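Here the structure is laid out as structure tokens; the discussion comes afterwards.
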Amino acid sequence: METLFTFIAKSTGLLVLFYCAYYFLLRKETFFNSNRWFLLAGLVTSIVLPFVVYTKTVWVDPTPFLVNGSQIYTPEPNAAESFTIDWNLALIAIYVMGFLGLLLKFAFDFYSLNSVLKGKKVKQQADFKFVDINENIAPFSYFDYIVYNSSLYSASELESILEHEKVHSEQNHTIDVLVSRIFCVLFWFNPIIWLYKKAILQNLEFIADSEAAQKISDKKAYQYTLLKITTHENCVAITNHFYQSLIKKRIIMLNKKQSKKRNSWKFYVIIPALVAFVLLFQVEVIAKERQQILKENSGEIASVDIYKVKKNSTDAELKEIKEKLKAIHNIDFEASDIKRNAESDLTSIKIDIKIGKNESQSIQTGGSKPIKNFGIIVTTEKDGSKKVGFQTGDESGKDQQNSTSKTITIKQDAKSNTNSAKNAKNNSTSDKNTSASTSTNVVNADVNTSYSYNINSNIKDGTVITVSSSSSDNAKKSDPLVIVDGVVITSNNSAEDLQELNIKTMNVFKGPEAAKKYGEEGKNGVIVIETKKE
């Protein structure tokens, strides 16, 4: 919605520029044809120029962003929901009602025009189609149709009328009428567009009066005809009709001396105004962080790239992350379940990343408040292999204290056939490049938001399953309850007992949900494993 409001504001500003230039500088000049194109150019510019943006990129040093791989962001619980008015939806509803109302009026005017022309005898003369009707309607033209009631006028009056309408038809003034009418339907809420339309129609009458008067010997008779036509108040809305309420202005302009050519400088006043508009509103400065490359002293890791997802990240920035991950690392990135609040901050998002065919991960967060910033880490080793993970932290870049998180790391170790306590300790939970069975879900009953890692590769022999819980530095650690096919696995069972399992699914429960389902034994968390049946 913010983008739409910005477009409307810019478009309105441009219309004001052109209208003011016409009203204060050109309205009293006799450059009628030039004024016509000037006004049409204003309509086109008001639509096109807001989309013409010059982008200027400024490179800045990256802001500190602390990596804590073992900590997964746990969103705050939703506050009690209360009824609030969605003003964006209300404004859209009001706009749609106005748009539909004017669109129906536009359609009715076409129907009225068709009713007037239907069944009437048409007389072709050169490029014009003359239609003599019996209805008491003011003479009008519609493209090459010229419609009039000959019984209401004398021969000299009819000559003046036809010459006037021929000018409208020859110069395709109907296009100007329809374009201005369409703009009024689309931007009906903008008062400037209605004034703009009035200026366009009035100038078209000035053009027709000026051209017709040159072809008629008696200019006074033409002016008397204008006065007589004012008695006909019925006219078809979407046509160039002879009658206009501003008859006094038409007669004044008809008798006005031709403007001097040197006054044409007034048309160019709009150029510096447009340049100023572009410089003020159409130059977008984008601050890009220099790519952060971290190297380990061990020399095994070539680089670590971090792509940040912030609460105010736009759809364009998410698309840029997707393109960079694909182009630089050949990693597929998909963002879904995107929800934003009234300030356009992200309140919900799900990120899926995939390397190749067999390895994928996802993170999902949501709630009533904006999300906390997190990042996507791509580790490139010297042999060219890639590892992907997620990093989280608060907006200041510091670790979130007193926040509890649950991390599941399932890591393949093809070189070892045994699992000692030392090996399990060395399997860092900061490594999110996991490979597991069909799916791993982490359910947090304390909040209404869940996060999960979905991992699609197969577990093979030599797999170590490590489940860890992390919180603040002083938090105590406890072992969770492990249940395999309904059987509780005691602490006497080592990791070697688990590596032979042909795992189908694995679910992790924590908090009150775990204690409620499994009692006191489940207070430290529960892992439920279902194996594949032979």
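Backbone N, Cα and C atoms are what each Cβ position is placed from, and that goes for glycine too.
Taken from TrEMBL, the feature compositional bias 'Polar residues' applies to 399-410.
Taken from TrEMBL, the feature compositional bias 'Low complexity' applies to 415-439.
Across the domain 'Peptidase M56' (153-254), the prediction's mean pLDDT works out to 88. The domain 'Peptidase M56' annotation in TrEMBL covers 153-254.
Positions annotated as region 'Disordered' by TrEMBL: 387-439.
Only residues 6 or more beyond the boundaries of the transmembrane segment (6-25), in the same chain, are considered here, and those with a CB under 8 A from a CB of the stretch are 35, 38-39, 41-43, 45-47, 49-50, 187, 190, 192-193, 195-196, 199, 266, 269-270, 273-274, 277, 281. The annotation transmembrane segment is assigned in TrEMBL to 6-25 (among others).
If you look up TrEMBL, you'll see 37-55 (among others) marked as transmembrane segment. Within its own chain, the transmembrane segment (37-55) is flanked in space by residues 6-7, 10-12, 14-15, 17-19, 21-22, 26, 176, 179-180, 183, 196, 199-200, 203, 267, 270, 274, 277-278, 282-284, 286, which lie at least six positions past its ends and keep a Cβ under 8 Å from the stretch.
The feature transmembrane segment is assigned by TrEMBL to 87-108 (among others). For the transmembrane segment (87-108), same-chain residues at least 6 beyond its ends with a Cβ under 8 Å from one of its own Cβ atoms are 1, 181, 184-186, 188-189, 238, 342.
Here the transmembrane segment (265-283) has Cβ contacts under 8 Å with residues 10, 13-14, 17-18, 21, 25-26, 29, 31, 34, 38, 45, 49-50, 52-54, 56 of the same chain, all six or more residues outside its ends. For 265-283 (among others), the entry in TrEMBL reads transmembrane segment.
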DSSP tally for the domain 'Peptidase M56' (153-254), helix/strand/coil in that order, comes to 74 helix, 2 strand, 26 coil
